[in-house]
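K.L.:
Before I ask anything, let me first share the structure, which is written out below as structure tokens.
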Amino acid sequence: MAGEAVAGGTSRDVLAKGIRILGYAIRDEPRIFSIAAAGSVIYSLLIVASAYVVGAVVGNVVVPSLERGEADVGAVLLAAAALLAVSLGRVLGMFGRRLGAGYMQYRLQASYRRRITRRYLELPLAWHQRHATGTLLSNANSDVEAAWFPIAPLPFAVGTLVMLVAAMASLFVTDWVLALVGVAIFPALFALNVVYSRRMAPRQSRAQQMRGEVSAIAHESFDGALVVKTMGQEARETARFATQAGELRDALISVGRLRGVFDPMLETLPSLGTLGVLLVGAIRLSQGAVSITELVSVAFLFTVLAFPVRAIGWVLAELPRSVAGWERLQTVLTATGEMPYGDTTLDRAAETPATLDFTRVSFSYAPTEAATVTVPADPAPPTAEPAAPVPAPAPPGSVPTGTPASTGTPVLHEVSFTVPPGRTVALVGPTGSGKSTIAALAVRLVDPDAGTVTLDGVDVRSLTAASLSANTALVAQVPFVFDDTVRENVTLGRDGIGDEEVWAALRLAEADGFVATLPDGLDTLVGERGAALSGGQRQRLTLARALAGRPRLLVLDDATSAVDPRVEAAILAALRGQRSAPPPGERSTGGAAGQVSPATSILVVAYRRATIALADEVVYVEHGRVVGRGTHSTLLATTPGYAALVTAYERAEAERERDRAPAQTAPDGPADRQDQEVGA
Ligand SMILES: Nc1ncnc2c1ncn2[C@@H]1O[C@H](COP(=O)(O)OP(=O)(O)OP(=O)(O)O)[C@@H](O)[C@H]1O
């Protein structure tokens, strides 16, 4: 991990990298940095000036007044005006510095949050499957903040460096012997800050890494709350979280301990300087080498620079954390594997169904990619951010290569089949046979290692992003519903989808009945992940979302698994233009029902006999190979594996029907499968 790399690197590396990161920040925001630095330089120079003004006031106004026994009112007023002017100048400088630093820090944070989010959207599904959501959240939050943490004190530190140079110069101008105190103290201050930063580096890196890990565990626990609760795993999860939280606590305490040791030392050094100046100064005064004005000025100088000098320490101490955060950001920003889009568009004017062709398609997941493919539940979140920029277009007519051919275990072998326009093809096969992978390839979530997937004869890799999403839609088994209204969940802010189109899509998805009964109809808020809806309702809502875009190819990856079989059959029949009567118990809002012609070709991963029977053709897959194609009855007769599988499905379905029988009498009518399971 990046954090480990930082922790493992030498502190000198960290310092150099940290300074480079500060350079990137200045390059990104040169104007704001200039304003902040100018404010800081004014402030710092006026600090040096204030010491000399105080010296002059003491030497030229206070001491003479004490000697004479009366004050010169004019001189006192002049002194007051000088002190006020210096203070006002410092206030203005401080204002510019703070405002500029704040602007710079928050603008950089916002810009990098956008970059990270955009990159997430560009990276392929395989990359997302390899990264924990909690870590991604931590990248976009805590790591972005960490990377730009030293920006807040940076202008102050720059001004302080100028101040130290000015202070040294003024010391030498005043008296070279007094200047030696500065020669001893200033480099010591700087050296102490550097040692501090080096000691801090591994501690800060570790703390930043632990922040990411705690975030990942917390996210996983909350996400899996249902499993944790139903399996009685609360204690185990709490312990797992507590271990990581404990490690983060220890890492932060170790940071605090070091701070506790170094902060007082950094504060004490300038005080030692003041002491040194007073000792040396007393001798120099008695020798007549310096005046009282000069001595007071120099002593005061050491007192007032104690605070600004710490700004250098703040920047140096935060650099390791900044480097750790930055490197974690870089793992996202420089991640490879995106699948560049082509520049070919498909003509949608005809609104005819598309033809999908798989020709000798082979595919393997990269070796490091674990777990099973779960195609994302939704195409894209409704975000106000502009769409992720499409990487540089490929030359016209060329086929971008996308993900490089992986050397992992082959999952699909020379898969060939066609979904003709307006036809429904059912994909059937045992678990793990590659059905979801085929679905993912059909809408180009992944690219084949060999062979081609074409839409209307055009390789999907050469299509533009907009053309791909306008022509195809995938509905996954696990539906993703946004915490928004029903309307927004269906339209996703896409143009040309008014309420009429929303209702038409809901009707096709057999979702109009339940939406009509919701308290606010289309304006009903469905809660986080659609918590206010049943599993089957969520599935139908996401199906309506896909249909609202009027895709020319619809890929259903077990998308109606939680819906009652009769409702599922009604949906498929409607999609095929054979609108059946609404299932009992669910009121249709009427209108365009039955009027929608099949403008889409359908590839459906099917598990139920009723669904399979509706298909024009069945493609039967085993171990990533197509072992049979034809109608349901042909395959039953010719392919023993298929016959056995479908019979098993039928038996399971019959058992479920039997178990479900009592629930059918519930007043809500035909409940979705998950409702019944939950209610059981
Ligand atoms: N992200 C992944 N990384 C590595 N291997 C994967 C990944 N996703 C799936 N696989 C493997 O690819 C094979 C095909 O998986 P796929 O999910 O396509 O099968 P499926 O037929 O849809 O299964 P199911 O019916 O259980 O949903 C399986 O052996 C699976 O373990």
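Yeah, the Cβs are placed from backbone N, Cα and C, and that goes for glycine too.
Whatever TrEMBL says is automated annotation, not expert-curated.
Sharing the features that TrEMBL gives for it:
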TRANSMEM  32-53  transmembrane segment
DOMAIN    35-321  domain 'ABC transmembrane type-1'
TRANSMEM  73-95  transmembrane segment
TRANSMEM  147-170  transmembrane segment
TRANSMEM  176-196  transmembrane segment
TRANSMEM  295-317  transmembrane segment
REGION    374-405  region 'Disordered'
COMPBIAS  378-398  compositional bias 'Pro residues'
DOMAIN    394-648  domain 'ABC transporter'
REGION    649-680  region 'Disordered'
COMPBIAS  650-661  compositional bias 'Basic and acidic residues'
COMPBIAS  670-680  compositional bias 'Basic and acidic residues'
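Give me the structural setting of these features: burial, nearby parts and distances.
P.N.:
Tertiary neighbourhood of the transmembrane segment (73-95): same-chain residues 39-44, 46-47, 49-50, 53-54, 56-57, 60-61, 64-65, 159, selected by CB-CB distance under 8 Å and a gap of 6+ residues from either end.
Taking Cβ pairs closer than 8 Å, the transmembrane segment (176-196) reaches residues 15, 164, 167-168, 258, 262, 265-266, 269-270, 272-273, 276-277, 280-281, 284, 289-290, 294-295, 298, 302, 309, 312-313, 316-317 in its own chain, all 6 or more past its ends.
Beyond the transmembrane segment (295-317), the same-chain residues lying 6 or more positions past its ends with a Cβ under 8 Å from any Cβ of the stretch are 15, 18, 22, 44, 47-48, 50-52, 54-56, 58-59, 150, 152-154, 156-157, 159-161, 163-164, 167, 170-171, 174-175, 178, 181, 185, 189-190, 192-194, 196-197, 200, 204, 259, 262-263, 266-267, 269-271, 273-274, 277-278, 281-282, 284-285.
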K.L.:
Under 8 Å between C-beta atoms and at least six residues away from its ends: which parts of the chain pack against the transmembrane segment (147-170)?
P.N.:
18, 21-22, 25, 33, 36-37, 39-45, 47-48, 52, 93, 97, 100-102, 104-105, 108-109, 112, 179, 182-183, 186, 301, 305, 308-309, 311-312, 314-315, 318-319, 321-322, 325-326, 329
